[in-house]
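Quick notes on the structure that follows.
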Amino acid sequence: MRRAPAFLSADEVQDHLRSSSLLIPPLEAALANFSKGPDGGVMQPVRTVVPVAKHRGFLGVMPAYSAAEDALTTKLVTFYEGHSNNAVPSHQASVLLFDPSNGSLLAVMDGNVITAKRTAAVSAIATKFLKPPGSDVLCILGAGVQAYSHYEIFTEQFSFKEVRMWNRTRENAEKFASSVQGDVRVCSSVQEAVTGADVIITVTMATEPILFGEWVKPGAHINAVGASRPDWRELDDELMKQAVLYVDSREAALKESGDVLLSGADIFAELGEVVSGAKPAYCEKTTVFKSLGMAVEDLVAAKLVYDSWSSGK
């Protein structure tokens with residue numbers, strides 16, 4: 001008799017993925033394999049997006065198979081603009097893990113924790129390769145879930161002397177600063193927050209540019225994580241064109257990233273090409289890593305969670 005699939009709640013996923021840093025080695029390998037094309041053994045189409053215009057939302061479907069992990073997953077993610085509240089968040093996600101040998105469903109797990117932690121871990125990988133030498137000042141724009149997950153791993157992996165925070169709603173920025181470990185300076189404007197910063201993380205809901213090239217220190221590194229639709233932006237044309245542009249997936253960036261499409265900026269490399277050594281990391285120049293998120297990243301995290309859960313049964 002076939003066993004029923006396991007269901008792992010957000011709390012259970014969190015228990016088996018306490019530190020985003022655990023994801024860094026397998027994610028580096030997965031990024032490198034993805035950027036090798038078919039030879040890397042990663043099968044991953046660009047996400048399918050189903051608009052729900054009547055309710056200002058969309059459903060995204062993100063499947064992947066990785067030969068290295070011998071894992072098969074798909075993530076279902078919904079986003080509903082302007083519907084964020086305590087009862088129903090704007091972003092919701094579930095990850096389905098299958099047995100790749102026969103297609104049976106092994107587990108359904110909450111995808112929100114996975115999304116937050118794998119996204120932050122990939123930003124940390126990009127920063128490891130692209131941040132300028134002697135980086136002292138970290139700036140985070142946005143105070144949502146991704147701000148917390150990025151702060152957690154960035155303070156684990158790097159030694160910044162100052163962390164700055166800006167959010168459109170100052171109350172949420174102050175809540176962030178008071179709830180995390182360590183000192184965070186809340187800034188009144190984006191310009192104040194980013195001036196002189198070595199590493200900038202944009203995790204906002206902006207649909208128009210909020211970060212302008214004239215404010216950015218030459219040689220700074222920017223992780224652009226928000227603006228996941230082709231008509232949304234966080235960065236202006238000047239910044240996108242003056243920086244060396246890295247992406248997680250060329251194909252996805254040229255279909256989904258408003259920052260890339262609307263600026264006409266040229267993509268220099270995928271992050272996986274930097275990890276593998278196929279392309280250089282220009283850490284002495286201003287760099288942008290445009291992160292859209294990839295299904296293989298969810299796969300790596302889901303496999304790690306499931307293996308940990310299975311071993312503890």
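Note: Cβ is positioned from N, Cα and C throughout, glycine not excepted.
Here the structure is a predicted model, which means the values were calculated and not measured.
Reduced to three states, the DSSP call for Arg47 (3,3',5-triiodo-L-thyronine binding site) is coil. Residues or ranges marked as 3,3',5-triiodo-L-thyronine binding site by Swiss-Prot: Arg47, Glu256.
Residues or ranges marked as NADPH binding site by Swiss-Prot on the basis of similarity to another entry: Ser90, His91, Arg118, Ala143, Val145, Gln146, Asn167, Arg168, Thr169, Asn172, Thr204, Met205, Val225, Ser291. Taking Cβ-Cβ distances under 8 Å and a sequence separation of 6 or more, the neighbours of Thr169 (NADPH binding site) in its chain are Ala143.
Cβ-based crowding with a 10 Å cutoff singles out Asn167 as the top-ranked of the binding-site residues Ser90, Asn167.
Arg118 (NADPH binding site) carries a helical DSSP state (H, G or I). Val225 (NADPH binding site) sits 16 Å from Arg47 (3,3',5-triiodo-L-thyronine binding site), taking the C-alpha atoms as the reference points. Looking at Arg47, Arg118, the binding-site residues in this record, the fewest other C-beta atoms within 10 angstroms of the C-beta turn up around Arg47.
Thr204 (NADPH binding site) is surrounded by 25 other CB atoms, counting those within 10 A of its CB over all protein chains shown. Taking a C-beta cut-off of under 8 angstroms and a sequence separation of 6 or more, Glu256 (3,3',5-triiodo-L-thyronine binding site) has the following same-chain neighbours: Val46, Arg47, Val49, Ser228, Arg229, Pro230, Leu292.
Largest Cα-to-Cα span within the NADPH-binding set Ser90, His91, Arg118, Ala143, Val145, Gln146, Asn167, Arg168, Thr169, Asn172, Thr204, Met205, Val225, Ser291: 26 Å.
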